[in-house]
Amino acid sequence: MAALTRADLENHQIPVYFAAVAAGVLSAALLPGDLWEAGISPALAALIYVTFLQVPLGDLKRSMTNTRFLLALLLVNFAVVPCVVFGLVSVLPAEQAAVRLGVLLVLLAPCIDYVVVFTHLGRGDARLVLAATPVLLLVQMLLLPVYLGLFAGADAAALMRPGPFIDAFVWLIAMPLALAGATQAWAARGGAGKAAADALAWLPVPLMAVVLFLVVAAVAADVAAQARAVALAAPLYIAFALAMPYAGRAVARLFRLETEAARAVVFSGGTRNSLVVLPLAFAVPEGGALVPAVVVTQTLVELVAMLTYVRWVPRLVPAR
């Protein structure tokens with residue numbers, strides 16, 4: 001029997017991920033979500049670190065000067081997405097203000113962490129997304145209160161706090177990036193450093209499975225407990241996940257981006273900041289568990305969507 005290779009692991013990653021999601025659902029029925037939730041951030045930080053190791057960080061400076069990509073990214077996330085989201089929430093019944101707020105809160109905030117991972121898995125330019133994360137962070141902190149105020153009223157805009165966004169950037173981007181840069185420098189000297197980097201290169205798929213398992217195990221019970229709200233929100237999230245790849249591709253074509261950059265725009269437009277905005281959802285006065293449940297429903301829908309994107313986006317945006 002032939003030994004397992006990294007290529008074998010990567011070629012079978014989607015079944016591995018779906019198995020992790022299924023295991024998470026079963027585990028949620030056995031143990032409280034709080035037990036699993038504590039592991040999400042450390043596992044996600046580890047996943048982002050090993051993903052950064054696969055990205056040539058020496059080229060990051062060049063990626064920061066790609067103005068066309070950055071403009072396309074900003075247009076998708078802060079002009080196209082709000083229009084799509086406004087259209088989606090318009091179909092909600094007027095009395096479902098809490099559901100509307102949860103949908104707005106999560107869909108208006110572009111992802112700044114595991115979007116890099118999925119872009120890399122989907123053969124997009126992860127360096128470009130990584131280089132753009134500080135800009136995405138700053139702009140969403142400025143514009144999220146504006147859009148919440150426009151779409152849900154002044155009370156919703158007042159929920160916006162910078163703390164969760166800054167914490168996510170420090171612990172899920174800056175720290176893993178610094179550690180990955182140090183590891184790459186160590187590996188460049190050969191010997192033990194190269195051996196360590198080669199060993200760590202096996203970990204992205206297993207760590208992604210761990211993250212998927214933990215997220216699903218942590219939130220599945222909350223989602224099940226708010227079945228009516230979930231039934232209203234889930235179709236909107238599915239529609240968003242189906243629409244945004246085409247919108248992202250259209251914007252990428254408008255800016256004449258190269259194939260990998262175009263795929264990166266698609267992934268950024270389709271991934272949202274659910275794990276970061278969740279503390280804001282818990283801060284909603286009299287929202288109880290409803291608004292957080294609406295937010296974590298998006299997490300579950302997005303995880304399945306991203307597993308599909310990894311195979312779909314390279315076909316939607318083929319190499320030229």
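A Cβ is built for glycine as well, from the same backbone N, Cα and C atoms used for every other residue.
Just so you know, TrEMBL annotations are computer predictions that nobody has curated.
Proximity of distant same-chain residues to the transmembrane segment (14-33), defined by a Cβ-Cβ separation under 8 Å and at least 6 residues beyond the stretch ends, is recorded for 205, 208-210, 212-222, 303-304, 307, 310-311. Marked as transmembrane segment by TrEMBL: 14-33 (among others).
Taking Cβ pairs closer than 8 Å, the transmembrane segment (39-57) reaches residues 113-114, 116-117, 120, 126-127, 130, 171-173, 175-177, 179-181, 183-184, 197, 200-201, 203-204, 207-208, 210-211, 214-215, 218, 275 in its own chain, all 6 or more past its ends. TrEMBL lists 39-57 (among others) with the feature transmembrane segment.
Residues or ranges marked as transmembrane segment by TrEMBL: 69-91 (among others).
The transmembrane segment annotation in TrEMBL covers 97-116 (among others). Within the chain, the transmembrane segment (97-116) has long-range Cβ neighbours (under 8 A, six or more residues past its boundaries) at 44, 47-48, 51-52, 55, 77, 81-82, 85, 88-89, 126, 129-130, 133, 136-137, 140, 143-144, 147-148, 151-152, 156, 159, 165, 168-169, 172-173, 211, 229, 232-233, 236-237, 240, 267-269, 271-277, 280-281, 284, 287, 290-295, 298.
Marked as transmembrane segment by TrEMBL: 128-148 (among others).
Among residues of the same chain six or more beyond the transmembrane segment (168-187), those with a C-beta under 8 A of the stretch's C-beta atoms are 41, 44-46, 48-49, 52-53, 55, 57-58, 112-113, 130, 133-134, 137, 193-194, 196-197, 200, 273, 275-276. According to TrEMBL, the transmembrane segment annotation covers 168-187 (among others).
The transmembrane segment annotation in TrEMBL covers 199-221 (among others).
Long-range contacts of the transmembrane segment (227-252) within its own chain (CB-CB distance under 8 A, at least 6 residues past either end) are made by residues 72, 75-76, 80-81, 84-85, 88-89, 91-93, 96, 98-99, 102-103, 107, 261-262, 265-270, 290, 293-294, 297-298, 301-302, 305, 309, 312-313, 316-317. TrEMBL lists 227-252 (among others) with the feature transmembrane segment.
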Tertiary contacts of the transmembrane segment (128-148), as residues 6+ beyond its ends and Cβ separation under 8 Å: 52, 55, 60, 63-64, 66, 69-70, 73-74, 77-78, 82, 101, 104-105, 108-110, 112, 115-116, 119, 156-160, 162, 165-166, 169, 173, 177, 260-261, 264, 267-268, 273
